[in-house]
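Colleague: Just lifted these from Swiss-Prot, have a look:
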- Phe24, Ala58, Phe59, Glu60, Ala82, Val83, Ile84, Phe115: 5-amino-6-(D-ribitylamino)uracil binding site (BINDING)
- Ser87, Thr88, Arg129: (2S)-2-hydroxy-3-oxobutyl phosphate binding site (BINDING)
- His90: active site, proton donor (ACT_SITE)
Amino acid sequence: MAIKTNEGKLIASGLKFGVVVARFNEFISSKLLGGVIDGLIRHGASEEDIEISWVPGAFEIPLVAQKMANSKKFDAIICIGAVIRGSTPHFDYVANEMSKGIAKVSLDTGIPIAFGVLTTDTIEQAIERAGTKVGNKGYDAAVTAIEMANLLKMI
């Protein structure tokens with residue numbers, strides 16, 4: 001008996017994607033969004049198969065991701081934004097609850113949700129991850145969404 005191995009393909013054609021973008025720290029989020037769109041299009045998605053929803057901040061991402069997932073219109077959802085540490089504990093609360101919320105939506109709905117929200121200590125770290133020194137984490141999230149959408153269709 002052979003071992004069956006499942007692995008999602010990086011082919012986005014025919015798939016529909018929802019993207020939730022936090023407007024807070026928009027100068028970073030817009031670069032991440034560019035990476036998401038680039039990643040999806042390069043792997044065969046059409047612009048008509050991408051729907052983008054902007055939310056005020058990272059804390060609001062899970063609710064809109066849940067609404068998108070429950071609509072059953074999307075094969076995968078991509079969440080992007082930037083939470084940058086400040087001098088108060090606010091960062092910890094927002095990053096923690098947003099992360100848990102996104103994971104809960106994915107587990108509750110069975111829709112893959114790619115986590116492309118930067119949680120960094122400095123603005124410089126965020127800039128590095130939004131298309132400069134460390135690549136674009138939006139692009140990486142798009143590739144993750146494609147792979148997971150295809151993998152879940154196989155299982």
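Using N, Cα and C of the backbone, Cβ positions are placed for all residues, glycine too.
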Colleague: Looking at the recorded positions listed here (Ser87, Thr88, His90, Arg129), whose Cα lies nearest to that of Ala58 (5-amino-6-(D-ribitylamino)uracil binding site)?
Modeller: His90
Colleague: Quick check on the binding-site residues Ala58, Val83, Ile84: which one has the highest count of other Cβ atoms within 10 Å of its Cβ?
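Modeller: Of Ala58, Val83, Ile84, the one with the most crowded Cβ is Ala58.
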Colleague: Express the distance between the Cα positions of Thr88 ((2S)-2-hydroxy-3-oxobutyl phosphate binding site) and Phe59 (5-amino-6-(D-ribitylamino)uracil binding site) as a whole number of Å.
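Modeller: Given the Cα positions, Thr88 ((2S)-2-hydroxy-3-oxobutyl phosphate binding site) is 16 Å from Phe59 (5-amino-6-(D-ribitylamino)uracil binding site).
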Colleague: Check Glu60 (5-amino-6-(D-ribitylamino)uracil binding site) against DSSP and tell me helix, strand or coil, would you?
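Modeller: The residue in question, Glu60 (5-amino-6-(D-ribitylamino)uracil binding site), is helix (DSSP, three-state).
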Colleague: Please identify, among the recorded positions Ser87, His90, Arg129, the one with the smallest Cα-Cα distance to Phe24 (5-amino-6-(D-ribitylamino)uracil binding site).
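Modeller: With Cα distances computed to Phe24 (5-amino-6-(D-ribitylamino)uracil binding site), the winner among Ser87, His90, Arg129 is His90.
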Colleague: Could you say which of the recorded positions His90, Arg129 has its Cβ with the most other Cβ atoms inside 10 Å?
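Modeller: Going through His90, Arg129 one by one, the largest Cβ count within 10 Å is at Arg129.
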Colleague: Take the C-alpha atoms of Phe115 (5-amino-6-(D-ribitylamino)uracil binding site) and Ser87 ((2S)-2-hydroxy-3-oxobutyl phosphate binding site) and report the distance between them in angstrom, rounded.
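Modeller: Just about 25 Å between their Cα atoms.
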Colleague: Can you tell me how far the Cα of His90 (active site, proton donor) sits from the Cα of Val83 (5-amino-6-(D-ribitylamino)uracil binding site), in Å?
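Modeller: That separation, Cα to Cα, works out to 10 Å.
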Colleague: For a quick check of understanding: given the listed (2S)-2-hydroxy-3-oxobutyl phosphate-binding residues Ser87, Thr88, Arg129, what is the maximum Cα-Cα distance in angstrom, as an integer?
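Modeller: Taking every pair among Ser87, Thr88, Arg129, the longest Cα gap is 23 Å.
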Colleague: Give the helix, strand or coil assignment DSSP yields for His90 (active site, proton donor).
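Modeller: The residue in question, His90 (active site, proton donor), is helix (DSSP, three-state).
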Colleague: Would you identify the secondary structure of Arg129 ((2S)-2-hydroxy-3-oxobutyl phosphate binding site) according to DSSP, in three states?
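Modeller: Its secondary structure by DSSP: helix.
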Colleague: Please list residues from the chain of Ser87 ((2S)-2-hydroxy-3-oxobutyl phosphate binding site) whose Cβ is under 8 angstroms from its Cβ, counting only those at least six apart in sequence.
Modeller: none
Colleague: Could you tell me the C-alpha distance between Ala82 (5-amino-6-(D-ribitylamino)uracil binding site) and Arg129 ((2S)-2-hydroxy-3-oxobutyl phosphate binding site) in angstrom, no decimals?
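Modeller: Given the Cα positions, Ala82 (5-amino-6-(D-ribitylamino)uracil binding site) is 10 Å from Arg129 ((2S)-2-hydroxy-3-oxobutyl phosphate binding site).
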Colleague: CB neighbours of Phe115 (5-amino-6-(D-ribitylamino)uracil binding site) within 10 A?
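Modeller: Around the Cβ of Phe115 (5-amino-6-(D-ribitylamino)uracil binding site), 19 other Cβ atoms lie within 10 Å.
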